[in-house]
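So that you can see what the record holds, here are the features copied from TrEMBL:
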type   : residues : note
DOMAIN : 9-46     : domain 'Molybdopterin oxidoreductase N-terminal'
DOMAIN : 53-509   : domain 'Molybdopterin oxidoreductase'
DOMAIN : 626-742  : domain 'Molybdopterin dinucleotide-binding'
Amino acid sequence: MPEKDMALTSTHWGTYRVEVSDGRVVALHPFERDPDPSPIGHGIAATIDDDKRIRTPMVRRGWRNGTSKSADGERGRDTFEAVSWDEAESLVADELNRVRRTFGNSAIYGGSYGWASAGRFHHAQSQIHRFLNCIGGYTRSVNTYSYAAAEVAIPHVLGDFKTFVNSTTSWSSVSGNTELFVAFGGVPVKNGQIDNGGVGEHGQRTGILEAARNGTSFVNVSPTRASMPAEVNAEWLDIRPCTDTALMLALAYVLLEEDLADRKFLERFTVGIEKVEQYLQGRIDGVAKTPDWAAGICQIASEDIRSLARKMAAKRCKISVSWSLTRQQYGEQPFWAGITVAAMLGQIGLPGGGIGFGYSATNGIGAQYQRLPYASLPQGENPVSGFIPVARIADMLLNPGSTFTYDGETHTYPDIRLVYWAGGNPFHHHQDLNRLDRAWQVPETIITHDWCWTSTARFSDIVLPCTTHLERADLALSPRDAYVVSMQQAIQPTGNARDDYSIFSAIARKMGLELEFTEGKTAEEWVTWIYDSSRQRFARAGLELPTLDDLKSAGWHKIDMPDEPTVMLEAFRKSSETAPLKTPSGRIELFSEKVAAFGYRDCPGHAAWLPPDEWLGSPDKERYPLHLICVQPQTKLHSQLDHGPVSQAAKIDGCEPVHICPADAAARGISNRQRVKIFNERGTCRAAAVLDDDIRPGVVQINTGAWYDPDENGTCKGGNPNVLTPDIGTSSLAQGPSAHSCLVEIAPA
C-alpha cells in the first residue's frame, strides 16, 4: 500500500502514516508534509503489544486483601492480580463513594498531565477532570512543571504568561530583523520536536537556521555548547548553572552606567525603574551589581559582560529565556531579569527585538501565530475550591493540614485519602522520587489509567488498561498548529484495553451518574460535536474548516496562517493606552508594588540575585562538587516510550548517558562509556559516562525520562535523575519545581 493511502495518526511529536499488517502496527512513516520529522515515532510500533503492555484490569494483592493499605511501604513492590472489568469498575466506584461520603470530595486528588494523547477528545486530562467534577469535585493542581515560576510571576510584570508564550515573536520576524540573538539557556531544537495537541510540520530547526543564514548572530548562554545548533556558529558563554540572573543584572547595570538604556521607553512603557536602579547600584543591599560582581558568581569575564551589554544596545537584539531557567530555586528571577534588560534596551514590540520565552521549547514557539478557536470536551465546574501548586504533591501527601503560601495568599493542604491518576507519570517528572515514594504510601487508595507498566502504574492499587491513540479514532486540533488531522483507528484494542471515556462512563454508571458524564453521547458523537462546534467558532472568526466527512476522506487539512510575522507586544508599543497590559499599571512592572507587599524574602518586588541552596558557589560544593542539569531527551517525550527501541538504542548497556567533561572524568578515574553512579544525600542512580568537551567543567548533564526503578537500597537502576533533584518550591510566590538546583558527585559503579 502506498504510504499516502495509509491511515494518519497524530502525536505530540508529529504526524505519521500507520502501516498495518495482519491487524498489527508494523511501522510509522513520517507525514509527507513534515520537513523535519521526529525520530520518536519510530519507537511506537514495537511497544503496542510488548511485555510492558497492560492487557486487563489489575489490582494490587495487598490492597485487595485489606492487609496493606496506606503507609505500608508495599506500593511499587507488591504483586498484582487480574480482575474483570465489572469487578474493577465496582471497586473503583465503591472506593470513590466511600471516600467522598466519609471524608468529602476534597479528599480525592485528581492527577493528570496533558501529554498522554494529542487527540482532542481522548485527552486524558479532560476526561478525568470531567468525570471527577461530575461526582462532586476533587482537589486539583495549578500551573505546570514546565514553567510554574513564570506562570505566577510574569502576570505581575507583563500580564498573563501563556498569552506571551503563545505570541512569542515569530522566527520570520527574527530572520528578517534580528542582528543579535542572546539565548539564556540556549535554543535546543531537539525540544522543539514536540507540541501539545499535535505537530503537522516541524519548523524550529528551519527557523533558527534561516535566521543564521540571513545574518543573525547568536550567543549561547549555557553550561553546554549543545544547547544551540552547531550550524549557527553561536558564541558560547559557558555560564555556571543557575546564575543567569546575576549576569542579566550586570548587563542592566552596564546599560545604566554607560547611558545605554532607552530612557524614553522606560518612562512611557514601564513602572518601577527607579527602584531597580537603586538595587543595581547597591543602594538597597550595599552590593552594586557590576560586571566584576557578576563575574565572581557566573564565571563569565567582566569585560565579556560589558562587551555583550554594549553589543545588545548597539544592535537590534532579541533576548530569549529558556523555560528551563524557571525550574530552579528562585526560578521567578531569570524571567523577571530578562524582561528588565529587554525593557532597558527599549526594543520590546519592535520586529526582531524585545524578549521571547522558550524558543524551541515546543514546535509552536516562534511559529507564525494565529490562535485557533477549537472546541474541546467540556469539563464542567469543580465544586471543590482547594488546590495545590502542581509540584507540591509530596508536601500535600506528607503534611495534611499544614499551610503553604502561593501568590500572596496562604492555603492549607487537604487530607488526601484517594489519588486518581490518568494521563501522566509523576514518578518521572516530580523531584526527589524517593521522597515521593514515601509520600505515595500515605493515601488509602491510588487508581491509575495507563496503557503500559510505567512507574506510576506499578505504584498503584487499581490499574485500568487504556487504549493507545492507534486503537481509537480522534481529532488532532492544536491551537498552535496549522494542521487538522483525522486520527483514524488503525488497529483493534490490545487485550481488554478500553479508552478513558468508556472506562469513566462505566464507573459513572455504577455510581448512578452515567448521564451526567456522557450526556447520552457515544465517543464518536462527542468527536463529531467537538468538530462541528469548532467549525461554528471558525465561521464566527472568519475562518473555514471542511466538513468532518471531507476531513476524514482527505485525512488532513492545513489552515492558512497570517502572512504578517508575529511581533510580541507590538500593539502595546504602538499604543499602550488602547492596548494596555493586564498589570495594575497597564505597563511593564519592573518593580511590582503588589509582589513587594507580599513581604516574601525569597521573592522581592523586582528582579534580584538570590543565591540558591545548591549551586557551584555554595558550601555543599565540598561534598557534592558537580552541578547536575537534566535535559529533555531527543528519543522520547518525557518518559513516554522509554521502553521503545528508539530510546533504548540511545542508552549505553541499558544505562542513560551522563555527559561529563574529560578533566572531571579523569579526576574520578572514569573512562568513556563506563558505568557510573550519580549520588547525593537524596539518592543514587546508575548511568554511563560520556566524555564531552562541550560541557562546562564542574557540570554534568543527563536526560530525563528513564523509568524509576529502585533496587532494595533505593538506587534507581533505570537512571532517572529525579532521585537526585530537590523537592522544594521555587519561592513563596510560585512554589514551582526546582529541579535544576542540584549538586551531585559521580563515581565508577
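A Cβ is built for glycine as well, from the same backbone N, Cα and C atoms used for every other residue.
Residues 1, 3, 115, 118-119, 193-206, 468-470, 476, 483, 485, 487-488, 490-492, 556, 558, 634-637, 641, 644-647 of the same chain lie 6+ residues outside the domain 'Molybdopterin oxidoreductase N-terminal' (9-46) yet bring a C-beta within less than 8 angstroms of a C-beta in it. Residue counts for the domain 'Molybdopterin dinucleotide-binding' (626-742) by DSSP state, with H, G and I taken as helix and E and B as strand, are 14 helix, 37 strand, 66 coil.
The DSSP breakdown of the domain 'Molybdopterin oxidoreductase N-terminal' (9-46) into helical (H, G, I), extended (E, B) and coil residues amounts to 7 helix, 18 strand, 13 coil.
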